Structures are given as C-alpha cells and as structure tokens.
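Q: Let me give you the structure first, and then I'll get to my questions.
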C-alpha cells in the first residue's frame, strides 16, 4: 500500500481568511474625502495669521468699536472701559479727595474697569503664550468671546436700564473692560503696536515726534493716523447713537463690529512655513 495519503483522506487546506469573506470591499471614497476635508480644515485653523494690511484693517475696526464703548461708558458709569490712564488717575485722586466719589466719578466702577481690564489682558496674554498668539482659531475665538461679553453688557442695559452705580453697573463695566483688555493683546501679537486699539496718548506722542512724519512712505506714521481717526470716529458715532437711541444700542453696534472681525480672521493669509531643508543645506 502506498504511504502517500489518498486525495480523499487528505485534510482540506484552509483557505485564507480573505477568501472566506464576501467580495472584497473597497474604501469608501466619501469617507476619505471627509477625512481629507477635516484634516485640511484643522490645518487651516491652526495656521499662524500673517501680519498684513488686512490685519491692519481689522485692528482699526476694533479701535472704532473701542471709541464707541468709551463714548458711552464715561457718561453712564463715570469711568472708561478701555482708557485705563484716566481710570488710574481717578482712582488715585479718590484716595486723596474721597468726597469726589459719586460726584465726578464712581470708585467701584473705576475699580471694576481697571481690575477686569488687567484680568482680561493677563488671561488672554498668558494663554496666547501657550496656544500661539497668532493662531487663526485662537484669534477667532478671542474676538468671538469679546463680542459675546459686550453683547451681554448691552443686554443688561436693555433689560435693567442704565444705572450709574450698583451691582448692575459694576457687572456691565466689568464685561466691557474685560473684553477691552483681551482685545489690546492682538496688536502686540501682530507686532503692530502703532494700532493699540485702545490707548491714544502714546500714538499722539509717537506721531508728532516721528522724524519721518512728512515722508510719503512711512508705515508706522500711517498706522498711527488710522488708529487715531478710527478712535475719534468711533467716539463720534457712539456719542451720536447714545444721544439718539441710548447706550444699549451703541454697545450692540460695538459687539457687532467685534463679531465681524472674528469672521474676518477666517480669511486672513497665513504665515509661510520656514524652509528647514534649505537652511540645513546651507
């Protein structure tokens, strides 16, 4: 008898697992496209925004919104939401001349404005160091949060009316000041300190002492002029709206401007990545 096993008795060779399965499934092109879209969107949102003329326009628009806010904050609350030079002086004067509190200014409002401004600047600035000050998503979120805070302040004014003193006044001015403190960080991160979006004193001084003041091509000079004109224009509009429709409407307009800037940051150009390979070959 042959030692070779019979074909009939030979154990069947197991087929590869792939053969047992039903017809081979090809990857879903829609799924691949979705993943590619998500990846591109994520990369786009995490890009660093490039300082440009478009950024200058955005900062000027924010300055315009600041002018609107400060035009209504002083007559309503006896302090400034953004101009902390005036608030600092008022606070020191109140220590020496306390009887002026409640007449010329309101110390609780000044304290809230200065404190929340610093808190907004500190929190935004420190988080910017961690996240990336010019990340597109971060800039969009910052301006969106600022728009929400200002909108809440306007809603409080609309619902409860404007009261110069008391808890509602402190909350409203605190919201406006926090948003302003967060806002001023952007000009620093974009290396455009000429458009601070809030403080005018340094801009006036730097403008008049500029040795190239009358030169045709002088970008820093032009930025300072745009900043000052935007601040003045915003204050004029804010005062006009305050006189005709009330402060709540003016604050809503300021919030709308901040929302527009948040959307605009989605369309800014991005910084080009550094060519590491070319540097290594040098």
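Residue positions begin at 1 at the first shown residue.
Every residue gets a Cβ built from N, Cα and C, even glycine.
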Q: Please identify the range among 166-185, 186-205 that TrEMBL labels transmembrane segment.
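A: Feature transmembrane segment in TrEMBL: residues 166-185.
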Q: Near the transmembrane segment (225-242), which residues from the same chain, at least 6 beyond its ends, have a CB less than 8 A from one of its CBs?
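A: For the transmembrane segment (225-242), the list is 56, 59-61, 63-72, 75, 194-197, 200, 203-204, 207, 249-250, 253-254.
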Q: Same chain, outside the transmembrane segment (166-185) by at least 6, Cβ under 8 Å from its Cβ: which residues?
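A: Sequence-distant neighbours of the transmembrane segment (166-185): 62, 66, 69, 73, 76-77, 79, 81-82, 106, 108-109, 112-125, 128, 133, 142-143, 145-146, 149-150, 152-153, 156-157, 160, 196-199, 251, 258.
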Q: For the transmembrane segment (248-267), what are the same-chain contacts with Cβ under 8 Å, counting residues 6+ beyond its ends?
A: 49, 54, 58, 61-62, 64-66, 68-69, 71-72, 136, 139-144, 146-148, 150-151, 153-155, 157-158, 162, 176, 179, 183, 237-238, 241-242
